[in-house]
Amino acid sequence: MTTVHVLFIGAGRMARAMIAGIRRRQGPIHWDISVANHQDSARLTELTTTFRVRAQTDWRTAAEQADIIILAMPPAAHQTVLETLSHHVLPHQLVASVAAGIGVSGLASKLPEGTQCAWLMPNIAAAVGESMTLCAFGDTVTADNREKLAEILRGLGQYHVCTETQVHHLTAITGSAPAFAFQFAEALEQAATALATDETTARLLVGQMLLGSAKLLLSGRPPEELTDEVATPGGATAAGLSVLTEAQFKTRVMDAIEATNQRARALAPET
Ligand SMILES: NC(=O)C1=CN([C@@H]2O[C@H](COP(=O)(O)OP(=O)(O)OC[C@H]3O[C@@H](n4cnc5c(N)ncnc54)[C@H](OP(=O)(O)O)[C@@H]3O)[C@@H](O)[C@H]2O)C=CC1
Ligand SMILES: O=C(O)[C@@H]1CCC=N1
């Protein structure tokens, strides 16, 4: 079995979800994973014991051994880290960032010319192998490194290769929208507990309802058609849908998407 060395710089929520996803998959590669963060040593200890990863107090040492370096830290931390990394990165290595707004061109512009770069936009469901991850590759990435990264992304769930511009526009849809879905779930759970049941039951009812709805969507049927199938003409669901329409539900969702993507662009360091 091939061993591939992966270094995560940043050990927060996204790194944890990705490592959990990678460790779930029984694929053709053995992943030797190192993890570094800024200062939270308790976090590194927790990751080490849970996921068989190596904690690194100085990522520069581990960077030399890495085949793939994944930047999983806030966009604002990239400038300094990339400046240092540019003195260490080697031509055969792949540098990938999951930071919102960063862009594969932004990444490449701060590293030596020809450095192999990729920009990923996973989501938190990577932890359960159900992320919808976007991936934009830089021009210089070799077929071998594309395949290695693809193997990581298969561990996280589904992935979709697209352009950098598409990742900018779709960040809110795949990276952030799980939080919107969780807010919807929270509102439904609150209604369920206020009206009829306990919290555990409410979680099951709402979670299974969302899972079933997602499966129907993934079967390829359009949401308008599925909505019509639920809403019997003149029936109960139609009354609830009118309230959402009155509140301009779809417009508000679009506003949230735009605000998210704008903020992502603003957080990224200038190229
Ligand atoms: N959370 C999500 O669902 C998603 C997040 N992302 C992206 O993932 C990235 C991380 O987000 P998230 O995990 O939520 O954030 P967290 O705040 O949970 O984690 C950030 C991590 O980065 C580390 N860090 C900060 N500065 C540095 C530095 N200079 N050098 C090394 N490590 C550093 C922190 O270390 P310490 O704790 O020691 O300070 C921490 O481990 C962001 O760029 C975000 O845009 C992308 C898609 C989804
Ligand atoms: O909130 C954030 O900035 C990150 C980007 C996508 C999801 N979380």
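Every residue gets a Cβ built from N, Cα and C, even glycine.
What you see is a predicted model, and the numbers here were worked out from it, not measured in a lab.
If you check TrEMBL, you get these features:
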type: BINDING; residues: Ile9, Gly10, Ala11, Gly12, Arg13, Met14, Ala72, Met73, Pro74, Pro75; note: NADP(+) binding site
type: DOMAIN; residues: 6-101; note: domain 'Pyrroline-5-carboxylate reductase catalytic N-terminal'
type: DOMAIN; residues: 164-266; note: domain 'Pyrroline-5-carboxylate reductase dimerisation'
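Annotated features taken from TrEMBL, shown on the structure.
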{"residue": "Ile9", "record": "NADP(+) binding site", "Cβ within 10 Å": "29"}
{"residue": "Ala11", "record": "NADP(+) binding site", "Cβ within 10 Å": "25"}
{"residue": "Arg13", "record": "NADP(+) binding site", "Cβ within 10 Å": "11"}
{"residue": "Ala72", "record": "NADP(+) binding site", "Cβ within 10 Å": "24"}
{"residue": "Pro74", "record": "NADP(+) binding site", "Cβ within 10 Å": "13"}
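Residues listed for NADP(+), Ile9, Gly10, Ala11, Gly12, Arg13, Met14, Ala72, Met73, Pro74, Pro75, cover a largest CA to CA span of 14 Å. In this structure, Ile9 (NADP(+) binding site) is part of a beta strand by DSSP.
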